[in-house]
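Features of the protein shown, as given by Swiss-Prot:
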BINDING   45, 46, 47, 69, 216, 217, 218, 219, 319, 324, 325, 326  UDP-N-acetyl-alpha-D-glucosamine binding site
BINDING   220, 317, 319  Mn(2+) binding site
ACT_SITE  250  active site, proton acceptor
């Protein structure tokens, strides 16, 4: 058994390759280190709120000296030539910009553009009205001294304002143009995992197996070599930000060994049960913590050690040294 408090663990690829059947423990339970193999596809994401800021025939992904995001993706495609590299995109792109995306696919045999509107996420949707109804009913069932009348009246007012055309959690997030838009659909893409590559008519997807896992990387992650075979506790792991003597789970790099990973489904259940749920804090953080039985009694640093995805061939989170490209 591996200790959850470690400096190496599964982020040291050579160590786990020598003992692929090892387990790691957290909160008194052991979890198998499951395989994310060398054929598992890599997914990047670029949701562009202002496509008009690019030149007419330019790929609408930031690519400056300070933020060379497109270069980072094409560099990954060259290094990981045996993996499919997906770019999950959304935005009000022009015909010329979509043509530029198509040219990028032609230039790189293993690169695939995946448009958000082409992917069926309906199995993860819920009516906003149902979310409101559940919370309103819960408030009404409380005794008068514990009922929040102000909240109840506010929820009932907001419920009346939801039209049939707007009665969808997914549709609500699809209209946003902020980080919540980005984060929400990242979570759904990771629920699909490798299957998201089969949601396009592109013939490049024929090598992707149904239900296969996926490796998600933000575009500020720089590959310096092949990732090889990776192992993660129960098949899920993610980047941990370590700055200013604090640690935090980050959604900038996440690996899963299968679609519909139960830790991510736990996060989706939070998104389905709160009117003010946040896709990062609730949809990822709370879901993963709940799945692995993390409680306030546990040491958060130990949990971060347990869940951390780190790799010697990835320079993580380089945009922390610059201003946001958004």
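Placement of Cβ uses the backbone N, Cα and C atoms for every residue, glycine included.
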Checklist outcome for this item: Rounded to a whole number of Å, the separation of the Cα atoms of residue 218 (UDP-N-acetyl-alpha-D-glucosamine binding site) and residue 317 (Mn(2+) binding site) comes to 8
Checklist outcome for this item: Among the binding-site residues 45, 317, the one whose Cβ has the most other Cβ atoms within 10 Å is 45
Checklist entry - Roughly how many Å separate the Cα of residue 45 (UDP-N-acetyl-alpha-D-glucosamine binding site) from that of residue 220 (Mn(2+) binding site), to the nearest whole number? => result 11
Checklist outcome for this item: Rounded to a whole number of Å, the separation of the Cα atoms of residue 250 (active site, proton acceptor) and residue 216 (UDP-N-acetyl-alpha-D-glucosamine binding site) comes to 12
Next on the checklist: Just to verify: the residue among 47, 216 with the fewest other Cβ atoms within 10 Å, which of the binding-site residues is it?
Outcome noted: 47
Checklist entry - Cα-Cα separation of residue 317 (Mn(2+) binding site) and residue 216 (UDP-N-acetyl-alpha-D-glucosamine binding site), in Å? => result 13
Checklist outcome for this item: DSSP says residue 218 (UDP-N-acetyl-alpha-D-glucosamine binding site), in three-state terms, is coil
Checklist entry - What's the CA to CA span in angstrom from residue 47 (UDP-N-acetyl-alpha-D-glucosamine binding site) over to residue 220 (Mn(2+) binding site)? => result 14
Next on the checklist: Using a 10 Å radius around its CB, how many other CB atoms surround the residue listed as 'active site, proton acceptor'?
Outcome noted: 22
Next on the checklist: Taking DSSP as the reference, which of helix, strand or coil describes residue 317 (Mn(2+) binding site)?
Outcome noted: coil
Next on the checklist: Using a 10 Å radius around its CB, how many other CB atoms surround residue 220 (Mn(2+) binding site)?
Outcome noted: 21
Item to check | C-beta crowding around residue 218 (UDP-N-acetyl-alpha-D-glucosamine binding site), within 10 angstroms | outcome: 22
